Amino acid sequence: MAHSVKIYDTCIGCTQCVRACPTDVLEMVPWKGNNKAGMIAAAPRTEDCVGCKRCETACPTDFLSIRVYLGPETTRSMGLAY
């Protein structure tokens, strides 16, 4: 499936999204940004994303630091395409 996963710099490095992903799309990588963990989520295997959005649900930040954008084949099958 052709989903894209976007990680924003509001990520606090808590690893909740990584642990929630059933297909191991996400991993933590070193980051020199403004979080105490010194790590940020990354999505090196987006081709394995099934679009379940468990990562979004698991994210504890008010900013929703991770977003899954469903591919056109999924939105079409769900009746969400224009």
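Note that Cβ sites are derived from N, Cα and C of the backbone, with glycine treated the same way.
A quick note: this is a predicted structure, and the numbers were derived from the prediction, not measured.
What Swiss-Prot records for this protein:
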BINDING   Cys11, Cys14, Cys17, Cys59  [4Fe-4S] cluster 1 binding site
BINDING   Cys21, Cys49, Cys52, Cys55  [4Fe-4S] cluster 2 binding site
DOMAIN    2-31  domain '4Fe-4S ferredoxin-type 1'
DOMAIN    40-69  domain '4Fe-4S ferredoxin-type 2'
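Positions of the features from Swiss-Prot, shown on the structure.
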residue : record                          : Cβ neighbours (10 Å)
Cys11   : [4Fe-4S] cluster 1 binding site : 22
Cys14   : [4Fe-4S] cluster 1 binding site : 19
Cys17   : [4Fe-4S] cluster 1 binding site : 25
Cys21   : [4Fe-4S] cluster 2 binding site : 24
Cys49   : [4Fe-4S] cluster 2 binding site : 23
Cys52   : [4Fe-4S] cluster 2 binding site : 15
Cys55   : [4Fe-4S] cluster 2 binding site : 26
Cys59   : [4Fe-4S] cluster 1 binding site : 23
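Between the CA atoms of Cys59 ([4Fe-4S] cluster 1 binding site) and Cys49 ([4Fe-4S] cluster 2 binding site) there is a gap of 17 Å, rounded to the nearest whole number. Of all the binding-site residues in the record (Cys49, Cys52, Cys55), the one with the smallest CA separation from Cys17 ([4Fe-4S] cluster 1 binding site) is Cys55.
Summed and averaged per residue, pLDDT over the domain '4Fe-4S ferredoxin-type 2' (40-69) gives 88.
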